[in-house]
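Here's the structure we're looking at; comments come further down.
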């Protein structure tokens, strides 16, 4: 089975064929580290970590690079407001980023380059563009000359004349064309700066990724990925810079994930409806958040609400409960061989369907459907009077493998005796208040955690299943 990827560049699904056999070069745009990331910022790391995990599962050696922009207008503004220097703020939020995405199940990239640690190659890249006539200096700034790059607009699929007409920035004294963009910005008084052939300053945003991608992955990479909002102008400008310099294709497959809405409204700081990962992982299990994010195809928008999160949690708990029941039954199973082939053949079908979903542009939504199928099938098997260790182990291994591909964990924390007693007391109060819906919900939730309740004349007794 071959993998097909929807390529933003061609607007169609294409068979994935890496430049080098069994090797994948992948670049994912990382955050500007001036604050904690919100859940919209967290979607790309989770999505493309899953892509990476699946490629590795299929036998590819994935070189995965994701950068940190640690000098930027937003960082400078934050430094001025807080009375701290830019490096201090950047270091703090790099650490916070790692804490957040690690909690969400993301592995570290092969390399996490920082702009400030690669200033020499960025300046060299800009100088080469100037030498080739693709860039020009203007009063200490350096701009990319878009009209010189014939393919400008090919990622956003817009003619350059239309892009120029819709450009927000008018031609100023420094720029020759509205679409020209900054490669180097002259430092303002009091700003952090680096020495360059054009004076003191710092790089523009777009050039940073081009330079670091080239340094760590070469002139042409297999997959370049990021949020949908980066397609234009960021990724469009990366293509222009890189291909103008090398004359080679910059990236062969472009992947972009969709937006996140909050309660059916677009998430934005202006509306004040954004949710920081730093906060939400204190309210909800980070694994649930990842499972929720992967329950929707990465190119589609996600509507984020507590109701949907709770519904997703119920599904995740069903799978975890099935897994726990399998592990528990393993001890009492035998080497029974009757009917083994039938159950194992069904498991093979689920595995194939899971891989077919992932091969189809990493459709995690359909892949998760197969997790539910495995769990339901396992529950049916556990109704058998006699169960086989071979089949039980196959179920357990399959669930563990598929969860690992998605960056998820199956371990379910065991409830403490005191927690169980507290829930039973809450159920007793609910029954006194004739809130039978809540009473039943508590009983069912405990059952899902392998806690069996028995109501007697002497009170409610419980035992672990």
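Sequential numbering from 1, following the chain as shown.
Placement of Cβ uses the backbone N, Cα and C atoms for every residue, glycine included.
As annotated in Swiss-Prot, motif ''KMSKS' region' covers the listed stretch 266-270 rather than the other ranges in 256-260, 261-265, 266-270, 271-275. Swiss-Prot tags one of the stretches 9-19, 20-30, 31-41 as motif ''HIGH' region', and that stretch is 31-41.
Within 10 Å of the C-beta of residue 209 (Zn(2+) binding site) there are 28 other C-beta atoms, taking all protein chains into account. The Cβ centroid of 29, 209, 234, 238 marks the Zn(2+) site; residues of that chain outside this set whose Cβ lies within 8 Å of it are 205, 206, 208, 210, 224, 226, 230, 235, 237, given in sequence order. Regional average pLDDT for the motif ''KMSKS' region' (266-270) in the model is 74.
The Cβ of residue 238 (Zn(2+) binding site) lies under 8 Å from the Cβ of 206, 209, 210, 213, 224, 250, each of which sits 6+ residues away along the same chain.
Residue 234 (Zn(2+) binding site) carries a helical DSSP state (H, G or I). Look at residue 29 (Zn(2+) binding site): DSSP puts it in coil.
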